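**Q** What Swiss-Prot records for this protein is below:
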SIGNAL    1-20  signal peptide
DOMAIN    35-191  domain 'Ferritin-like diiron'
DISULFID  41-150  disulfide bond
BINDING   52, 87, 90  Fe cation 1 binding site
BINDING   87, 136, 173  Fe cation 2 binding site
C-alpha cells in the first residue's frame, strides 16, 4: 500500500495540471544511438498504419451494410466485421513495432487520420467480395512498398523489419486474397445454379450452417 501511495505522490510531483485531463512531464534526455530506422522506411510504416486503419473502416461499413434490415445477410456481416477487427489489429501491430524501435516518442495522433470509407453500399454479395479482394490486393501492394523502402535505403538495410513484414503480414495477405477469390468464385457458381437463392444459401454457409 505504501508503494502505491509513493508512486501516486511521485506522479503528482511531476505533473502540473493544465486541465482536468492533462499534465506536463518534463522530457528526459535518452541516448538516440539505438534508434536506427531511416526516414523513408519510417514514413512508409506510418502510411501503412493509415492504410490498415482505412481498410478497417471500409470493412466496418461493409458489415453495417449487410446488417441492415432490408438486406439481412448476417453471414456477410460477420465476415466483414471480423475483417475490420483484423485490419485494426494489423495497425496496432505496426504501432507496437514502431514503439519497440523508439520511433514514437512524441504525439502519435498524426498516425491515425479518420477518413470516410470509399463506399457505403454494394449491389450484391459478389460485388462486396470483389471489392474486398481489390482492397486487400492494394493493401498487399502497400506492404510490399514498405518492404522495398526499408531494404533499399543505402544508409541502413532494415533486415529485421523486412523479415517481420514478410513473415507476419505478407503470408496472411496472400492467404486472405486466395480465400476471398475462392468465396467470390463459389458464390458466382451458386448464383448460376440457384439464382437469387444462391446468395441466401451462401450467407448461411458463411455462418457455418449446413446447406
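Just so you know, glycine gets a Cβ as well, placed from its N, Cα and C.
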**Q** Counting every protein chain present, what is the number of Cβ atoms, excluding its own, within 10 Å of the Cβ of residue 136 (Fe cation 2 binding site)?
**A** 21
**Q** Same chain only, sequence gap of 6 or more: which residues have a CB within under 8 Å of the CB of residue 150 (disulfide bond)?
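**A** Within the chain, residue 150 (disulfide bond) has Cβ neighbours under 8 Å at 37, 38, 40, 41, 44, 45, 157, 158, 161, 162, 165.
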**Q** Other than 87, 136, 173 themselves, what residues in this chain have Cβ atoms within 8 Å of the centroid of the Fe cation 2 site's Cβ atoms?
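**A** So the extra residues in range turn out to be 55, 83, 86, 90, 135, 139, 140, 172, 176, 177.
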**Q** Non-local Cβ contacts of residue 87 (Fe cation 1 binding site) (under 8 Å, 6 or more apart, same chain)?
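**A** Correct list: 52, 53, 55, 56, 59, 139.
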**Q** For the domain 'Ferritin-like diiron' (35-191), provide the mean pLDDT of the predicted model.
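**A** So the average pLDDT across the domain 'Ferritin-like diiron' (35-191) works out to 93.
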**Q** Just name the most isolated of the recorded positions 41, 52, 90, 173, going by other Cβ atoms within 10 Å of its Cβ.
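**A** Looking at the recorded positions 41, 52, 90, 173, the Cβ with the fewest others within 10 Å is that of 173.
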**Q** Determine which residues of this chain, when 52, 87, 90 are set aside, have a Cβ within 8 Å of the centroid of the Fe cation 1 site's Cβ atoms, and list them as they appear in the sequence.
**A** 51, 53, 55, 56, 86, 88, 89, 91, 94, 139
**Q** How many Å separate the Cα atoms of residue 90 (Fe cation 1 binding site) and residue 173 (Fe cation 2 binding site)?
**A** 11
